[in-house]
Amino acid sequence: MAAVSHTEATNLTTPSSNNNNNGIDTNTTTTFSISPVTLQKLPHLKDYIPQQALKTQPNPLEHNPLYHPSQGFYISHSDVVLRHIVFDLSESFPSSASSIAYHRAGPRDRVFFDPSQTRAAIVTCGGLCPGLNTVIRELVVALWDLYGVRQIFGVKAGYRGFYSSEPVELNPNLVHSWHNEGGTVLETSRGGFDLQKIVDGIQDRHFNQVYIIGGDGTMRGAVNIFDEIRRRKLNVSITCIPKTVDNDVGIIDRSFGFQTAVEMAQQAISAAHVEAESAVNGIGLVKLMGRSTGHIALHATLSSRDVDCCLIPEMEFYLEGKGGLFEFLEQRLRENRHAVLVVAEGAGQGMIPRTDAQKEERDESGNPVFLDVGGWLKSELKKWWARNHQNELLTVKYIDPTYMIRAVPANATDRLYCTLLAHSAIHGVMAGYTGFVSGPINGIYAYIPLEEVAQSKNEVNTKDHKWAWVRSVTNQPDFMKV
């Protein structure tokens, strides 16, 4: 991926003394140089559209009666956001290394779209997620009120809607209360990705701004759409707003809907805890979302304090033998007479027996179909107890709140986040950027090349402090066989 390098080193000073502390003195001043900054190139319409075909104008916000841009309001090309902000000053920085930076999100002083000629399309793809309707609403309202765009359309039923149905015209009055509703009013679907038909639909309907809301699979499709638009040299800007309850999108701090999902997961865990406490040798088993990452299970465990064991896809575990799950649960039941077990849907998939047909099964998006790890664990727990504890009671209550969590409206925190994502995306598109994702990096909103985000993954690092906090809360074993 192309990058523009800025080689100025940043000097950090720290007080030091004659007493050495991890290689850094603490009384005198020592200067450290941080490696150069590499600014990731952000795709722009002028990269492939002839300059004479691109007309720019002052940002309409300059004359918006509701706005009075002050000095420093507009973001410049030199405003960047560093991807990594934590450094170990006891280590030396190799001269060949560089710190990655991205363009900061926000309004620019000049725009590449005439609002009166702008036709914007909004589409939601993939599974449901809290906040979808909030993002749609804020895109419509901001395009209308901030930039004066009057031709805004919703594409129905995901990617296939570009070629299988007529778009719905949107305006602020229509979407006024959408943020109070769960799901997506535009409807969604998996699959239906036909590249040529999608881009033909964009071209035939004269859309010149396309806002795609979806997760990692949707973004991989958006990369192909962007490449085809660029190949055809269409004056169309495309952007993705990252959506996944699992929080598995890489680079950005988090994806919208995640905090609502963690909050809702608390209700399931609380119910499981009540059920477990109310039974003799009661086990409350909760399966939470997380196909390839365990962020929801991890954060729900940390915030609950009722969880005895948390199982995630990034961590292997085993059932039988010393140090295994069954031994740990038996100890908890002996001590407390109950236990709560949280498992992410992608955990333990390699341990579940499956037929050859099940091994090959794929969903509409092409993802492997996962078996129900919660149902399998419940069955294995009962078999183990019946085998080792005959004539003793065991109650396993299994709760799967997946679709309850997906379908609820976003909470206050996610609503605010959805608003900022929508506004960031619009500012970037109006400035002529394309093929990008908006999102916070270390709390500052930035524009990231779409291809880079589509290829990244945000997995739980079981060697960092956050997972250590889970272990300290649950006191569960590390499931490493000696």
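Using N, Cα and C of the backbone, Cβ positions are placed for all residues, glycine too.
Owing to the predicted nature of the structure, the values given are computational and were not obtained by experimental measurement.
Some features that TrEMBL has for this protein:
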type: ACT_SITE; residues: Asp246; note: active site, proton acceptor
type: BINDING; residues: Gly127, Arg190, Gly191, Gly215, Asp216, Gly217, Thr218; note: ATP binding site
type: BINDING; residues: Asp216; note: Mg(2+) binding site
type: BINDING; residues: Thr244, Val245, Asp246, Met289, Gly290, Arg291, Glu345, Tyr403, Met404, Ile405, Arg406; note: substrate binding site
type: COMPBIAS; residues: 10-27; note: compositional bias 'Low complexity'
type: DOMAIN; residues: 119-427; note: domain 'Phosphofructokinase'
type: REGION; residues: 1-27; note: region 'Disordered'
type: SITE; residues: Gly217; note: site 'Important for substrate specificity'
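In this entry, ATP is bound by Gly127, Arg190, Gly191, Gly215, Asp216, Gly217, Thr218, whose most widely separated C-alpha atoms sit 13 angstrom apart. Checked against Thr244 (substrate binding site) by C-alpha proximity, the binding-site residues Arg190, Gly191, Asp216, Gly217, Thr218 yield Asp216 as the nearest.
The closest partner of Thr218 (ATP binding site) among the recorded positions, by CA position, is Asp246; the full candidate set was Asp246, Glu345, Arg406. Within the model, the domain 'Phosphofructokinase' (119-427) carries an average pLDDT of 94. It is 19 Å from the Cα atom of Arg406 (substrate binding site) to that of Gly191 (ATP binding site). A gap of 17 Å separates the Cα atoms of Arg190 (ATP binding site) and Asp246 (active site, proton acceptor).
Cβ neighbours of Gly215 (ATP binding site) (same chain, under 8 Å, six or more residues apart in sequence): Cys125, Gly126, Gly127, Cys129, Pro242, Lys243, Thr244, Asp246, Asp248, Val249, Ser255.
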